[in-house]
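Engineer: One structure coming up, written as structure tokens, with questions to follow.
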Amino acid sequence: MVSLKTEIAGFSFDNCLMNAAGIYCMTKEELLAIENSEAGSFVTKTGTLEAREGNPQPRYADTDWGSINSMGLPNKGIDYYLDFVTELQDQDNSKNHVLSLVGLSPEETHIILKKVENSSYNGLIELNLSCPNVPGKPQIAYDFEMTDLILSEIFSYYQKPLGIKLPPYFDIVHFDQAATIFNKYPLAFINCVNSIGNGLVIDDETVVIKPKNGFGGIGGDFIKPTALANVHAFYKRLNPSIKIIGTGGVKNGRDAFEHILCGASMVQIGTALQKEGPEIFQRVSRELKEIMADKGYQSLEDFRGQLNYL
């Protein structure tokens, strides 16, 4: 019997597939639709200290090869999502969940995390160190000194399981430098990758999204090679206790298989979920199981990280 079960930081999931933060997770209704789908879990919209409207519309556009967006972290505020996942965790047959969050400053991040620390929520946290679409706010994880400082401060008081969502890295030296920092801390996971920041898509003679004069994060098919490279590079460098969530370019079972082959313990779906809805989890699960059965694999552990080299 082929199984898609997986585990992160002691939390078990019946299916390794879930949504990516930012997609189909703004409201309780959207999150419940994923909860009731074949997905193994959901991650909430990235919650900030206060609710945000985000960037002006239009701020998302589909393309033939994926998508471009400059959402600007629209969300209903951390209290909305924290209350919801806390309420859900006490229900019978509830799945384990991931609460995504970030402050618009290091001070705000600490305020939010201390709120979570003092709450009764006992699930996973995904700290977003990689949003490329908030004007005037750099992606923290590209500043290694700042990343080290923030993680040091967080783990001086935060005791619950926490992982981080990362931007894509493109230099081998950066993989080495980042992994050295991450291995210093009791991270539950890293998520590779957020969208590739500051792409530009043009229709005829005009940009397709309004914020930042058309500059936005690139997702979908286009970023899969970059996502796979990040997953595998960190799989080879991180302590085994730090699991990896693979995100980027997943629209079918083969894409999910490749992320796991590169070392991912869970796989998130973003652009394709936006286009297809929660029904995508049933299809991709079926396709992934068929691939595994054809290859004689019964579990994800049979092939996770077992990428062959020439």
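Here the Cβ of each residue, glycine as well, is placed from N, Cα and C on the backbone.
Just lifted these from Swiss-Prot, have a look:
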type: ACT_SITE; residues: Cys131; note: active site, nucleophile
type: BINDING; residues: Lys45, Asn69, Ser70, Met71, Gly72, Leu73, Asn128, Asn194, Ser195; note: substrate binding site
type: BINDING; residues: Lys45, Thr46, Asn128, Lys165, Val193, Gly220, Gly248, Gly249, Gly270, Thr271; note: FMN binding site
Engineer: Sequence gap of 6 or more, Cβ distance under 8 Å: name the residues on the same chain that satisfy this around Lys45 (substrate binding site), in order along the sequence.
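Structural biologist: In sequence order, the residues whose Cβ lies under 8 Å from that of Lys45 (substrate binding site) (at least 6 apart) are Ala21, Gly22, Cys25, Met26, Pro74, Asn75, Lys76, Tyr81, Ser100.
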Engineer: What does the structure give for the C-alpha distance between Ser70 (substrate binding site) and Val193 (FMN binding site)? Integer Å is fine.
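Structural biologist: Per the Cα atoms, Ser70 (substrate binding site) and Val193 (FMN binding site) stand 16 Å apart.
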Engineer: For Asn128 (substrate binding site), which of the three DSSP-derived states applies: helix, strand, or coil?
Structural biologist: strand
Engineer: So if I draw a 10 Å sphere around the Cβ of Gly248 (FMN binding site), how many other Cβ atoms end up inside it?
Structural biologist: 34
Engineer: Taking only same-chain residues 6+ apart in sequence, whose CB is under 8 Å from that of Gly270 (FMN binding site), what do you get?
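Structural biologist: Those within reach of Gly270 (FMN binding site), by Cβ under 8 Å and sequence separation of 6 or more, are Asn19, Ala20, Gly22, Ile23, Gly219, Gly220, Thr247, Gly248, Val250.
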Engineer: What number of additional C-beta atoms lies within 10 angstroms of the C-beta atom of Ser70 (substrate binding site)?
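Structural biologist: So the Cβ neighbour count for Ser70 (substrate binding site) comes to 28.
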Engineer: What whole-number value in Å do you get for the largest C-alpha pair distance within Lys45, Asn69, Ser70, Met71, Gly72, Leu73, Asn128, Asn194, Ser195, the residues recorded as binding substrate?
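Structural biologist: Taking every pair among Lys45, Asn69, Ser70, Met71, Gly72, Leu73, Asn128, Asn194, Ser195, the longest Cα gap is 17 Å.
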